[in-house]
Amino acid sequence: MIQKRKTRQIRVGNVKIGGDAPIVVQSMTSTKTHDVEATLNQIKRLYEAGCEIVRVAVPHKEDVEALEEIVKKSPMPVIADIHFAPSYAFLSMEKGVHGIRINPGNIGKEEIVREIVEEAKRRGVAVRIGVNSGSLEKDLLEKYGYPSAEALAESALRWSEKFEKWGFTNYKVSIKGSDVLQNVRANLIFAERTDVPLHIGITEAGMGTKGIIKSSVGIGILLYMGIGDTVRVSLTDDPVVEVETAYEILKSLGLRRRGVEIVACPTCGRIEVDLPKVVKEVQEKLSGVKTPLKVAVMGCVVNAIGEAREADIGLACGRGFAWLFKHGKPIKKVDESEMVDELLKEIQNMEKDGGTN
């Protein structure tokens, strides 16, 4: 069992982060924030997918102006993403955001960062210190020669110490780079020296399978080491995919369970059914199920039930038929044309019982 790193607990709106709270899944909208309707529609989709905190970009004044309505109508806490324009941090807090994300390296003078922190303290707004390889302080680049893991960690520790000195503790830190091992090492260095909650992810991971794999490896390593209080899978894709991927990573490590986890055999010469087609149909029809269930779809009856005995329910497919099984025991033989519908009926019954029977 994974032993999670002990961190202090903070709050972003009504969401607890760190301490004994579960790891929180975040994402970021890809809409123009000033397009309130599009932004709220995407926030709704993210929320329905399981997102618990959402970040929005505020590069322009019109984006800041849109925040009040977005915050008011959002079903989850909203974080304003601030870069290069410290005035937008103050304005965003006036509009009621629950948190702000700043990169001190591109904000400017230390006095300005402190003023932002003092305002956040006054308003009860959480702050995320964002450190990444693309905007490291000049003196650290000169010291290390490049954005090394040590340089990134030192930057994060430097600003963390300043926040503590200023009497502000409702903050978390993110240390991100596009290199997986550098990212892991930087977070490990920071985690060994402080109890500040960490937001983890791999920046600029890319799109499709490559982006998902890169993020899964980087995030998975840190989570296995007990590091990470909030997580975002950064992909060049629909942000809903980020949320879905984050939950798959957490489910794989036994850290969160939400919705259906489908397991299926890799196929071999024994299968008598178009298994990829069946799995895809099952995935699509179960996408709206919120009850944590493990569903197995196996391509033959030889070892299927034994191999999938840890599943809550599943199908072991044969030629023209399938065995429907629950908790490792066959309960019904069904025709191939009816097997998916029979599986769905049984899952609906399990949902009514809370997934236990």
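Positions of Cβ are set from backbone N, Cα and C atoms, glycine also.
A quick note: this is a predicted structure, and the numbers were derived from the prediction, not measured.
As given in Swiss-Prot:
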BINDING   CYS265, CYS268, CYS300, GLU307  [4Fe-4S] cluster binding site
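Overlay of Swiss-Prot feature records on the structure.
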residue	record	Cβ neighbours (10 Å)
CYS265	[4Fe-4S] cluster binding site	20
CYS268	[4Fe-4S] cluster binding site	9
CYS300	[4Fe-4S] cluster binding site	19
GLU307	[4Fe-4S] cluster binding site	16
